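Asks: The structure is given below, and queries will be raised subsequently.
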Amino acid sequence: MWNSLKTMWIVFLHMFRRRVTIQYPDEMPNIPPRWRGRIILSRDPDGEERCVACYLCAAACPVDCIALQATEDEHERRYPEFFRINFSRCIFCGFCEEACPTDAIQLTPDFEMGEYNRKNLVYEKEDLLIDGTGKYPGYNFYRVAGVAIGGKNKGGAENEAPPVDPHSLLP
């Protein structure tokens, strides 16, 4: 008898509590600020592709869902001939974004990627490229890569050791 009354009392109290479940298609869930969702390829401020096809993203991917092939344009600038991500295998770990030296790969808060056909989850470069610069609007890899710091020689920058002659290390 006591257990039945206790159960009814708990049910009565729960009637006035806020519901935990949200009605998903009608109400959108609150996404955390650092949510790792759909992967995109961004462009630099000049409108060119940021990706230099260095294969670091494919090497960092633990499930091997990234495939790309490098090629060069007439200015000897590398870019991916094709860039393919299989989202049916992707675990959205973000290692590819961390490994990318040019900030070309970025993860967006988009999480609605449900498909009826698994083949539709293989995204090509055209599906991944966006028109804008993404999270880093002023960054252009080719403006800062290999550029000497003004007024300082090699090894003269802060926390930088002077260059080592490899022949001096030989016995």
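Note that Cβ sites are derived from N, Cα and C of the backbone, with glycine treated the same way.
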Asks: Taking Swiss-Prot at its word that C51, C54, C57 bind [4Fe-4S] cluster 1, choose the one of C93, C100 listed for that site.
Replies: C100
Asks: Between C100 ([4Fe-4S] cluster 1 binding site) and C93 ([4Fe-4S] cluster 2 binding site), find the distance joining the two CA atoms and give it rounded to the nearest Å.
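Replies: About 14 Å separates the two Cα atoms.
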Asks: Any same-chain residues 6+ apart from C96 ([4Fe-4S] cluster 2 binding site) with CB under 8 Å of its CB? Would you list them in sequence order, or say none?
Replies: I39, C57, A58, A60, C61, I66, I105
Asks: Hey, which bits of the same chain come close to the domain '4Fe-4S ferredoxin-type 2' (81-110), Cβ under 8 Å, at least six residues off its ends?
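Replies: Here the qualifying positions are 31, 35-42, 44, 49-54, 56-71, 118, 121-125, 128, 134-136, 139, 141.
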Asks: Around the Cβ of C93 ([4Fe-4S] cluster 2 binding site), how many other Cβ atoms lie within 10 Å? Please give the count over every shown protein chain.
Replies: 14
